[in-house]
Amino acid sequence: MQIGVCYYPEQWPRTMWADDARRMAELGISHVRIAEFAWSRMEPRAGEYDWTWLDDAIETLAAQGLKIVLGTPTASPPKWLVERDPEMLPVRADGTRWNYGSRRHYDIASETYRKECIRITKAMAQRYGRHPAVVAWQTDNELGCHDTVPSYSPAAQRRFQAWLQQRHGSVESLNTAWGNVFWSMEYPAFESIGLPMLTPTDANPSHLLDFRRYMSDEVASFHREQADVLRRHAPGVDVLHNFMGFFTTFDHYRFAADKAIDVATWDSYPIARTEVIGLPEADKARYARTAHPDVSAFDHDRYRAIGGGRFWVMEQQAGPVNWAPWNPVPAPGMVRLWAYEAFAHGAELVSYFRWRQCPYAQEQMHSGLNLPNNELSPGGKEVARAAQEIAQSEVLRTLAAPVRAPVALVFDYETQWMFEIQRHGAGFDYQTLAFEYYRALREQGLDIDIVSRHADLSHYRLVVVPSLAVIDDAFVDQIERSDAQWVFGPRSGSRTADFAIPGTLPPGALQRVLPLQVLEVESLRPTLAPALSVGDVHGTALHWREHVRANPGAHVHAEFADGWAALLSHGRVHYVAAWLTHDLHRTVLSDAARAAGLTLQSLPEGLRLARRGGLTFAFNFGEARAIAPAPANAQFVLGEASLGTGDVCAWRDPQ
Amino acid sequence: MQIGVCYYPEQWPRTMWADDARRMAELGISHVRIAEFAWSRMEPRAGEYDWTWLDDAIETLAAQGLKIVLGTPTASPPKWLVERDPEMLPVRADGTRWNYGSRRHYDIASETYRKECIRITKAMAQRYGRHPAVVAWQTDNELGCHDTVPSYSPAAQRRFQAWLQQRHGSVESLNTAWGNVFWSMEYPAFESIGLPMLTPTDANPSHLLDFRRYMSDEVASFHREQADVLRRHAPGVDVLHNFMGFFTTFDHYRFAADKAIDVATWDSYPIARTEVIGLPEADKARYARTAHPDVSAFDHDRYRAIGGGRFWVMEQQAGPVNWAPWNPVPAPGMVRLWAYEAFAHGAELVSYFRWRQCPYAQEQMHSGLNLPNNELSPGGKEVARAAQEIAQSEVLRTLAAPVRAPVALVFDYETQWMFEIQRHGAGFDYQTLAFEYYRALREQGLDIDIVSRHADLSHYRLVVVPSLAVIDDAFVDQIERSDAQWVFGPRSGSRTADFAIPGTLPPGALQRVLPLQVLEVESLRPTLAPALSVGDVHGTALHWREHVRANPGAHVHAEFADGWAALLSHGRVHYVAAWLTHDLHRTVLSDAARAAGLTLQSLPEGLRLARRGGLTFAFNFGEARAIAPAPANAQFVLGEASLGTGDVCAWRDPQ
Amino acid sequence: MQIGVCYYPEQWPRTMWADDARRMAELGISHVRIAEFAWSRMEPRAGEYDWTWLDDAIETLAAQGLKIVLGTPTASPPKWLVERDPEMLPVRADGTRWNYGSRRHYDIASETYRKECIRITKAMAQRYGRHPAVVAWQTDNELGCHDTVPSYSPAAQRRFQAWLQQRHGSVESLNTAWGNVFWSMEYPAFESIGLPMLTPTDANPSHLLDFRRYMSDEVASFHREQADVLRRHAPGVDVLHNFMGFFTTFDHYRFAADKAIDVATWDSYPIARTEVIGLPEADKARYARTAHPDVSAFDHDRYRAIGGGRFWVMEQQAGPVNWAPWNPVPAPGMVRLWAYEAFAHGAELVSYFRWRQCPYAQEQMHSGLNLPNNELSPGGKEVARAAQEIAQSEVLRTLAAPVRAPVALVFDYETQWMFEIQRHGAGFDYQTLAFEYYRALREQGLDIDIVSRHADLSHYRLVVVPSLAVIDDAFVDQIERSDAQWVFGPRSGSRTADFAIPGTLPPGALQRVLPLQVLEVESLRPTLAPALSVGDVHGTALHWREHVRANPGAHVHAEFADGWAALLSHGRVHYVAAWLTHDLHRTVLSDAARAAGLTLQSLPEGLRLARRGGLTFAFNFGEARAIAPAPANAQFVLGEASLGTGDVCAWRDPQ
């Protein structure tokens, strides 16, 4: 349980640095991330490096015992570089070229720019790679932010064509895989294939899917080019990238594969996130000052998997931010609570953004641990309290890493892309459905691992698959080998890897263990809400429903009022034929969890639990005071069972 | 009463073709449309034709006695053609060029592409023009779909300038006709006239109107170029084009003039259409699974006129589709009902889209008569039932063509363009108003002919003109010669052919028979709803109201609460000075119908009637069971009087 | 109190001109504005002037004693000019060039076009500058209309760079002022600085602010170039420009500085304005036919300041217009009422748009004093009545100019730009807040001067500052010297002139007289409404709230339910820490007004008062009849105390 901060010495007079470092250490901060936007100061003119200021900053921080995370500055190429190669600017989907003047103004497909990135990374790594205070390196920052990954440049087209050749071998294979006979879309050669932009109507979904796969691979290779340099010149320290919340532009599992990163780090801005994601309006209203209780937990659990068990919060909200439609001040206590929440889900480090609010430029309305006048902000005071609590508690300081949870939730990036390409109904969003399932499980006190479809699922007792577009035989093999309960949501197994409907109808290969076929599907306008009951819980489908035929061996547990099957099972494998209202999701998942032998807890509105290292943490995101379900003789190491809004407690169960 | 299907042999293994043909014939299908997207297979490389597969497909189908409709493949030019002439890609209103990768990626003004279309049409027609199984030819497909008619290319500008020269003679005449003295918009020469795009504020409405007329003529001439080839090389068979529903981009009457087509065919996708047109939300909710009861009928009646009495449904919805915001499964019975509805309105053929759902590419979520696994879909089973019923009924098989209806509704494409160019109020849409009037008449059991303003209207008993922007003396002559009741809606006679307000004020020449003047007009925000009563029916204006002065001879039948005239008459000619709430529209039209001596029937919600060949058909689109108003001793040839949702019946009145 | 009209002789046959002039004079019109869109008639081909028609038009009008306002025609450059220099067309923010075909199709940064404007202005001024009937000259028309000021052309970039050099001296100073170290945005030279367009995420707010300042100065210099010509060739007559309502694209105070204009004139279209501005929907519904009672008054009071005391309405709504989403006919009486309203606020002249509705081109749905058939329109009849009333009343004819009001409301254009660049919350609009404050004061019968932050404020008794982004020492000096009550709204003093947060925190220099600091701010989603009471008036914050610390000496008058200060004072200086619901705004301002010794009147809904030359005018914009608060023995010079909707009265208080 360590606390960090993001700091930009280049933005402040040197006279402030020593005092800043001293106050950081005093506050209980152990790690400081610096330098990730400072290219124009490291290299003010082409080839003219100026390291003196950065040397000083590092020494000043190190002198206070602070550990340094150094960022490569490639998210903000300087003006002189753009002037030398204007083609490095990315191109929008309408063919317009983006311009200099903010950040992330580079085409990830530009080979010139990639060379420049390797050069500056090497220069930094050669200078600081073996500095004892530099404990980790971050490549770039928030790859894909501001929707900058898709570039429609000539460079991207060339690299996409090469990628396609690699994947499909011959253009005939590609034409077959994509079904290009449809609408005479057949290509004579890889060189003829354009980017899927500016088509009068929908482009071929297979074309779009391969473009998304290509882009995802581009992001990974962009990182790897820097990571390779860092491994060489900065041996033995952590290499990482800083990811974002609810962000699915690239496949994070593939990105992280083959030890491309040592630890996954991400940005936790739960209040703004709650405002912008697809939650019901009532939830946005209820949790406007606390954030939805599952919104950061969802990504904590996701990035724990991506980091192979190791994750940090690199940027933690420290007060109001500047980028949502509305930006309220968090409820008192939340800035502290979010730190404990991250730790309870397994974070090694929670690093706040940023040390001091910057009074100028684009983020001047983004708070920090200090106000622009350098007094500690309300959020800063909460962090000081948390740091002190941890320092004073041996138990908290030395908490063991989290172990495997009893429940796995499969989250799949390709499924997100496929269902974005083909929503079919205006309200259908896969990540939102996955979050719905996650939330229904968390409301009942369960700890969850979020995992890839390629993960080893053999040790879980309940495996939840909100949907999984492509189900291959290897995945079904895992089901056959497992003795867990398996719950599959709608659209599971509905596509082949080439984006076609399986010849045996959905759910494709899943029929090996679940004998049913999806005959027709429908997307539902809000007024069209097929009713059903599961036990004594009543509700409806929303967004999506399937007309499913139960084949011999399948058991129908619940039907819609019009007679179509809603819940079907074969042994331990269950299928939910629609997106259901929340209470029904909770019922379906509870039933499966109980069948798996798990113990459920009925938590008050807004209360959540998380377990780590023998402790149970409880967090109150709700408006009302709530009592954490600690056993009578629980040993509290933090707080107490009665929790006001924004309060947290932690206890050890009696032996 | 014949049933057809759309089929794409190129999308399936040849091994399936014979079985497909056999099953089609078995199902009762008589016609099969093929080939309209298969250019890349007919001519895989420039000038290298491959007809073998198409020969085989035709022979395979013909061997089962199936009649073939051949489509020219010009809606989807192949990639090699686009590469030879990238200028054939169309240009958007913002100057960006559209790209290859879907369909309809051609500039209708490209003379190079037009030559290519003639060439491929000629090649097809020479090969198959005299094949005994090929009974009809379709040019291109859905001209104008995806908003692809307006092209803002240099080619379009040149052709527009030539078109203007043809229309106006001299640029001085054009400057006068358009009123270009306004804002110094005077042009020195035709070559100076640009396309109406990217103007800082509104372009001159006359400029916009002439551009729409030009585009409409371009669509017609594009078709005619192919039709001429087909007439020459495929003599004696039907030439047609496949139009769309609620589609007004070009003037279909002008398109069809001079026997440019032998039969009008169109696409009937009533559920998606109901979702996307300007209906009240309550109607969209009520009819989400049956489609609004008038939505397809409106186009059946419209295309019957356009085809000079002959029309087909070329693509009939066979289950859920893929292109509306939400795509529900139709209520049971609807796929069958829609076939009878089309026949009752005069269709010779109802052809379903498509034989089998295609598992790949853009339309994979569009259902067909067979599922991707080749079993009959729910819709396919309903079609089989209808085909069997027809086969077993001498009366249905040999139904006479429809005769003239007692009511004419004038629908005018130029009026649509003028009021789109100049809505004046956010809620005003002419086609929606025309549909309102149509619906009010149909709810009372009336059969309707939808006609052009140039049609001979002398034999109707009631002529309804929801609006007609330009009323010329020839039209008023028809009124004077007729003894029908005439009802005119708001904005009638409000413009000259050059898009100016008539010098005598609206309704212009109509004042010859209706002595009134429109002094001022107002568009109404939803909260502004001038109240009025007609008899004991109360309601309001919505969207639009006029301040009308009754001149000597005009009689005011109803007034708004603030004293302005709402309904005025002079003899048999009536004027409605506002868009009214639905009950008022129904009252006004009922009164006129009764004055015309017509018998009205008060039908239950969702029930509709249509008469053909001595039979009365009744259709239940409503949620509740309804009783068709058959006389006590009616002779039923289909079903019975009591109709559940999706049911249909037909009877012969006792002699 | 004089009445004018806008007239376009070039749009009508010459045979009508004499009769038009005669009828204008007869109606009581004294002034006619002509020629401002007639360039293509003055100079049909490059260098070929045709003045004969304009000579005739001027003589025809002058012969009836009409005074002429001549407009330079630069708002609509002719086609031949655009063809000679296509680079004069402006460029949109996405880099697309606008096109010819409407109006305002010029790049204000085009030096070629500026020369052409000087040339045509000189040609006109040389010919008519000393004509006795020409009493005023208008430059261009509605500069900035249709959002045409921002041009993103290469010319604009060059001029912006020069402007920046002028402002900042060195690029190092600019980099510091903008905080370009943030995100490596540092520029090596002025020539490297682009326009703030097409950045992947937000451009630097300082960059955006300087671009807005630059554009504002461009507008002013464009006017001045013409004004200089006019001063030289048309000495002794009024030079003016015609501004728009609720329009903040440029700083009108700076525009008017140094006698750049003699009188401010503006366009009053209150009904359409009410529809399009950010009013609550209930207000839009209530005032759909009368316009909101403060919407024109707000700009009357604003332009009175901009004109240095002298203002005209150059275009007054005469009936329904054509440019709002909905365009209702005004309630009877309003066309007359608006004239008196303008006079009561100090207008010298109210000129109606336009003499006769033009039956063709873009504004054919815009009414005038005559219908297209040349009979007087309903609005025309109301104007005739008003003209007659004034002609018959010595008191009205000779009304003295208005004197200083007791209340000043500071309105600041730069504040608008800064809070547009940085709304921070979706609902925050500074002008709307200013209008809220204005309305709250006007509802209580107060007369208001709207003033610049640079104005001399020493003689007011109440100074209201809805917000003022930058508060400098000079402004605080005025507070210290004044003995008025001062009310400051939220975000006051929240920025430096370079767009940074003050180092002492907001409200910056205002802390000299008001010892408080804004620690954090929050923007509020509609569901987040912190409650508070002021006295017995209850309400909430909306859009915006601040967390304020009262420093020693500050008094907290009201708190939010969660304990944060809502209203704070130090002596006569008050701070409102949130955007409040309307009743609370009214309470806060009433309290301050009473403290300032002002008398308030509680007016019925929709009633407003205005005082000029010893008279009090009362206007009823409400739905119900209302009684004007005239003293018992008031001497009425117009109407009577009981006012129906659209009625006006005026009285002299007893001595």
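For all residues, glycine too, the Cβ spot is worked out from N, Cα and C.
The average pLDDT computed over the domain 'Glycoside hydrolase family 42 N-terminal' (A:6-392) stands at 98. According to TrEMBL, the domain 'Glycoside hydrolase family 42 N-terminal' annotation covers A:6-392.
The number of other Cβ atoms within 10 Å of the Cβ belonging to A:W323 (substrate binding site), over all protein chains shown, comes to 16. TrEMBL lists A:R103, A:N141, A:W323 with the feature substrate binding site.
The active site, proton donor feature in TrEMBL is assigned to A:E142. In the three-state DSSP classification, A:E142 (active site, proton donor) falls within coil.
The secondary structure of A:E315 (active site, nucleophile), as reduced to three states from DSSP, is extended strand. Annotation for A:E315 (active site, nucleophile): spatial neighbours A:C6, A:N242, A:W266, A:D267, A:S268, A:Y269, A:S351, A:Y352, A:F353, A:R354, criterion Cβ-Cβ under 8 Å with sequence separation of six or more. Per TrEMBL, the feature active site, nucleophile maps to A:E315.
Taken from TrEMBL, the feature domain 'Beta-galactosidase trimerisation' covers A:405-598.
Chain C comes close to none of the recorded positions A:N141, A:E142, A:E315, A:W323, judged by a C-beta to C-beta distance under 8 angstroms. Taken over all pairs of the listed substrate-binding residues (A:R103, A:N141, A:W323), the Cα spread reaches a maximum of 17 Å, rounded to the nearest whole number. The local packing around A:E142 (active site, proton donor), expressed as other Cβ atoms within 10 Å of its Cβ over all shown chains, amounts to 20.
If you draw a 10 Å sphere around the CB of A:N141 (substrate binding site), it holds 25 other CB atoms from the protein chains shown.
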